[in-house]
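Data block below; observations after.
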Amino acid sequence: MIRSVLVLMCSLTFIGNLTRGQSVDMGHNGTGSCLDSQVQPDYFESVHTTWPMPIDTSKAEGVIYPNGKSYSNITLTYTGLYPKANDLGKQYLFSDGHSAPGRLNNLFVSNYSSQVESFDDGFVVRIGAAANKTGTTVISQSTFKPIKKIYPAFLLGHSVGNYTPSNRTGRYLNHTLVILPDGCGTILHAFYCVLHPRTQQNCAGETNFKSLSLWDTPASDCVSGSYNQEATLGAFKVYFDLINCTFRYNYTITEDENAEWFGITQDTQGVHLYSSRKENVFRNNMFHFATLPVYQKILYYTVIPRSIRSPFNDRKAWAAFYIYKLHPLTYLLNFDVEGYITKAVDCGYDDLAQLQCSYESFEVETGVYSVSSFEASPRGEFIEQATTQECDFTPMLTGTPPPIYNFKRLVFTNCNYNLTKLLSLFQVSEFSCHQVSPSSLATGCYSSLTVDYFAYSTDMSSYLQPGSAGAIVQFNYKQDFSNPTCRVLATVPQNLTTITKPSNYAYLTECYKTSAYGKNYLYNAPGAYTPCLSLASRGFSTKYQSHSDGELTTTGYIYPVTGNLQMAFIISVQYGTDTNSVCPMQALRNDTSIEDKLDVCVEYSLHGITGRGVFHNCTSVGLRNQRFVYDTFDNLVGYHSDNGNYYCVRPCVSVPVSVIYDKASNSHATLFGSVACSHVTTMMSQFSRMTKTNLLARTTPGPLQTTVGCAMGFINSSMVVDECQLPLGQSLCAIPPTTSSRVRRATSGASDVFQIATLNFTSPLTLAPINSTGFVVAVPTNFTFGVTQEFIETTIQKITVDCKQYVCNGFKKCEDLLKEYGQFCSKINQALHGANLRQDESIANLFSSIKTQNTQPLQAGLNGDFNLTMLQIPQVTTGERKYRSTIEDLLFNKVTIADPGYMQGYDECMQQGPQSARDLICAQYVAGYKVLPPLYDPYMEAAYTSSLLGSIAGASWTAGLSSFAAIPFAQSIFYRLNGVGITQQVLSENQKIIANKFNQALGAMQTGFTTTNLAFNKVQDAVNANAMALSKLAAELSNTFGAISSSISDILARLDTVEQEAQIDRLINGRLTSLNAFVAQQLVRTEAAARSAQLAQDKVNECVKSQSKRNGFCGTGTHIVSFAINAPNGLYFFHVGYQPTSHVNATAAYGLCNTENPQKCIAPIDGYFVLNQTTSTVADSDQQWYYTGSSFFHPEPITEANSKYVSMDVKFENLTNRLPPPLLSNSTDLDFKEELEEFFKNVSSQGPNFQEISKINTTLLNLNTELMVLSEVVKQLNESYIDLKELGNYTFYQKWPWYIWLGFIAGLVALALCVFFILCCTGCGTSCLGKLKCNRCCDSYDEYEVEKIHVH
């Protein structure tokens, strides 16, 4: 542990505090003329960049150690005066003078003495940084010598002018502080004198004066063991006479060549000096070693040039020194175990530094962090108020003031007042206020101003104070404290002759009403007149004189006015927002225009409405004569200015800033959340210095607009990644620069930047056989395809609330009070950051579970002509149908007609003989009627035509007997008409079936739209929950929590210091409570979203990747397949399944047991044992129990495949006879495996696409219009039940004519002859006429009968 830093350092020792006073002895004055100086700034600037030395905070350079405090082995943030990180400072160089062999010539300096710099908050100096190296001698830049350390000299003062008669700048007027090194760098002078220029040749008061220059001559002044302690001081005295010196201090310095730091600051205690010398240990920490009694504000400083008079052959190079301005900054400091500051971070330098300071850690792990600790600072003022006539205070200044019980009241509106002028006419003895400060009362705007005045002795001032219970407040005047009010007690001076002095002061001692029960005292209401005013107006001439009217009685007391008249003024104001406001007389000022302050944070005072905000031009809304436009939370959002323009007003809030940091490459980038890049530049006052610089200079790639906000330090890319270490949200990922993939900036190529990639999450579609479980008494008998839609919220919007900004809105007074609440804000930030990390973890787990390596689109995985749009109810038929072969289709003509169900039997009958003769024989019976198809082939046409013509032609020859030949024709007509009728009836029944099926589809569509409505409602609620929470949090900003106003600026403007703290503390306490409740709610919602993410993971794994056996888990009904798509804040599922449309109520049993001993029991597998009462009787008890699956009612015998032996259970059904053993059969419950086999074959699907989630902000998601459309669709579907009219089909084949058959047979014969000659005759001999027989090679094979196989 280090000792107190106030202990004087061994290497920098104070050796004298010479006599302080108005005439400190500074020794003899300078004599002779000044040395001539050659001023050549170009020589010094040419080596300006030789040794760039920026502030390196990692080495704690330029850090002033906290005064009076000591820390050990700790890291903390500290606000004080520090240099800015990476500040290059300003470089200064000294040089040897001109010389020739054997003589020393004029001095060689830069123009530093004419450069007057602003002192501001002070500065620090880096001294001897390049000592012991090799450098140029400046005067001869080609000559390089070892570099020696040299100390700077300074002039510091309040006022600066020009030297006369040379008219050169840089002369310090009045008292000037001089810091002067001497004794060849072994002593430091500090004195405070008036510098009077001497008029000798080349001196400051002479015409040829060029530059103030210090010098010493090492050959004579720096002789070993005998250093000249006043060589430089003597040179300074040659230029100035030192007059009226108030002090002179000397400090010795140990001679060395080590680099060191020196600093100067000033406060009300004086000028403070700091040095990094500490017990001969040289570090970058500077410790306070002296305070100089300089109380006049130092505004400027100048570096005094120095030139060393060295011989030509002994020139040296002198180390440059660097001056860095100090600023009020917050640093993160690391103290080692000894107490020294080993490293630091400038919290305002860049976003990474901001991140480190937010977490008070130098080591930050790779991640995405939300930080925002820099608020908008007002950069101007905007004031507008009514300019009308002056408020008339004449009635108060003329006539005789009334007594207290009959006070007079003046109410002012729509005028400008001047309370300062009014009160200056009186001798004020007391000015006390409530809810407003005296200064604010004189400078604020109000909707009305009320003044009550009366004659009143100041000796009785205590009786008017709050809490008094005397006769004054009971029966005369009671001040109203419900509004801001002030009480002024004053004496009327003799020269104010317009006011007439009364002879007596008077007040009431009682006021009461007489009744049978005695006196009923009547007390004054606040700000109201006494009920006995009518009696008191009669006046009082003696003490305790009473007046009564029979009902009321009052008593008065008088005492004479001695000396000057004394009066009381009660001033009350009311705050409002109307244009008839009362404002102070406006002084001439330049802050009445907003045009030059648009889009920046300003303090505003608009007709009594004060605050802080950003103004910008926008489209006018609201009523112009109302001036102000407010939102639902009573926040000012618009203003109609006196210049005719309308301005939108938004608060000076900080933009959510996220820092993306990669530890491996030590790179970082910045993301401005929920803000457009076009708006970022208007908010730059809130950002770190490097961020503002980059935004202006565009030195980094970007800004780049993304769905999550405006990104800096990124370049866009087409990369798609499966793993992401730095998720940005909305499926975006930050890819840090790496050794394998580096992206150089296009501008300089010297820095690595991040890339924005897209996360790729995919999931395969793997389906398993359907198998339902569970027990129900209503078993489905019919199904339809149905789609159930479901939304699951997996994440909520990440929120980072800048606690300090939310509570205090940038007001330092509030922030100082907020520090007394300890680490509350840091805990809030940590809690929100933890919630965000919890979300990242849950989403990462979800995505890691559902992603796959290789996927293919759904359409690419389907074989054949399968069409996804044709997913509908499978067609179920009750019979089998035979089809002709392809050859038959080629050999026969065919026609398609409506088939009532008899066409197949007719066709089979016709094949057994000549068709022309079998037509009537093959007539079919349907419902008792003979029917024939309504078609004739050419043979039947010829036969029936011949029969008809013959009967007609022969009728005249046979006396009508030949008409019997027309009977077949008539019967064929009758039968065919019957067929047409039967066909129409069957078609009508088919139409009913089709209509029923279509109406079932409509019902399924209605159900689908209903679930869509419900799912959309859940999406809307999930997205809007975040906005509602933020809106509620924002609404609390308008809550006063018992304070006089919700605006801190109003509180600061109205009240004095003590009341300000009390009122602001109420706001802090209330807002912290609201913020704590919000954070607690956010944590609960985060945990709920994490649990929902787990549910979504289960849904994807069980529903999307496979088939679920759980009833109702993956939609309604028997699950088939599910699809997942992206949705705001979650996943949207489409569950496809078989949904029952009708059920049968069956008597079921959990199991069956017999009465044998030991008893045997069986239980169903994935189904039930049911009583099939339609096919069984009570007597047939062996056959009345059947098995049916739970997903479809299909009673079947109990087999080993659908049952198993189990132990006895009380719920099992007992049979009185022997339990039949399960049949040895493979029959199982009816499932849909065969129907869906082709659908499930080679099916795969691309998983959820998480790349295009739209940005969700606090704007409420409104799906009401879409939901109304869906409701209207459902309504229209309810009206869509129609009767369909569509016919069935039957294909009828007709043989070709005889001549076609003749040609066909001739062709076959020719083909057979060719085959015979090729295969037989050519293979058995030399020719078909040879001696060898061909029967051996052409022998036929033995015939055998083929066993017939029947296929059912």
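Count begins at 1; order follows the chain as displayed.
Here the Cβ of each residue, glycine as well, is placed from N, Cα and C on the backbone.
Since this is a predicted model, take the numbers as computed values, not measurements.
Annotation comment: Swiss-Prot describes 389-585 as domain 'BetaCoV S1-CTD'. Averaged over the domain 'BetaCoV S1-CTD' (389-585), the predicted model has a pLDDT of 88.
Taken from Swiss-Prot, the feature N-linked glycosylation site applies to Asn73 (among others). Cβ neighbour count for Asn73 (N-linked glycosylation site): 11 (other Cβ atoms within 10 Å of its Cβ, all protein chains included).
The N-linked glycosylation site annotation in Swiss-Prot covers Asn111 (among others). On its own chain, Asn111 (N-linked glycosylation site) has Val39, Pro41, Ser211, Pro305 as residues at least 6 apart in sequence with a Cβ closer than 8 Å to its own Cβ.
Marked as N-linked glycosylation site by Swiss-Prot: Asn244 (among others). Around the Cβ of Asn244 (N-linked glycosylation site), the number of neighbouring Cβ atoms within 10 Å comes to 14.
Taken from Swiss-Prot, the feature N-linked glycosylation site covers Asn250 (among others).
Under the heading N-linked glycosylation site, Swiss-Prot lists Asn590 (among others).
Residues or ranges marked as N-linked glycosylation site in Swiss-Prot (evidence: sequence analysis): Asn617 (among others). A simple way to gauge crowding: the CB of Asn617 (N-linked glycosylation site) has 13 other CB atoms within 10 angstroms, across all the protein chains here.
Asn760 (N-linked glycosylation site) has a Cβ environment of 20 other Cβ atoms inside 10 Å. According to Swiss-Prot, the N-linked glycosylation site annotation covers Asn760 (among others), on the basis of sequence analysis.
The feature N-linked glycosylation site is assigned by Swiss-Prot to Asn771 (among others), with sequence analysis given as support.
Summarising the annotation, Swiss-Prot assigns N-linked glycosylation site to Asn782 (among others). Taking all protein chains in view, 15 other C-beta atoms sit within 10 angstroms of the C-beta of Asn782 (N-linked glycosylation site). Asn782 (N-linked glycosylation site) falls within a strand segment according to DSSP.
Look at Swiss-Prot and you will find Asn867 (among others) tagged as N-linked glycosylation site.
Positions annotated as N-linked glycosylation site by Swiss-Prot: Asn1214 (among others).
Annotation comment: Swiss-Prot describes Asn1278 (among others) as N-linked glycosylation site.
What Swiss-Prot lists as region 'Heptad repeat 2' is 1247-1286.
Annotated signal peptide per Swiss-Prot: 1-12, in sequence order.
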Count the Cβ atoms, other than its own, that fall within 10 Å of the Cβ of Asn250 (N-linked glycosylation site), considering every protein chain shown.
21
Consider the glycosylation sites Asn73, Asn250, Asn617, Asn760, Asn782 and say which one has the Cα lying nearest the Cα of Asn244 (N-linked glycosylation site).
Asn250
What is the nearest of the glycosylation sites Asn73, Asn250, Asn760, Asn782 to Asn617 (N-linked glycosylation site), using the Cα of each?
Asn760
Can you tell me which of the glycosylation sites Asn73, Asn760, Asn782 is spatially closest to Asn250 (N-linked glycosylation site)? Compare CA atoms only.
Asn73
Measuring Cα to Cα, tell me the gap between Asn782 (N-linked glycosylation site) and Asn760 (N-linked glycosylation site) in whole angstrom.
41
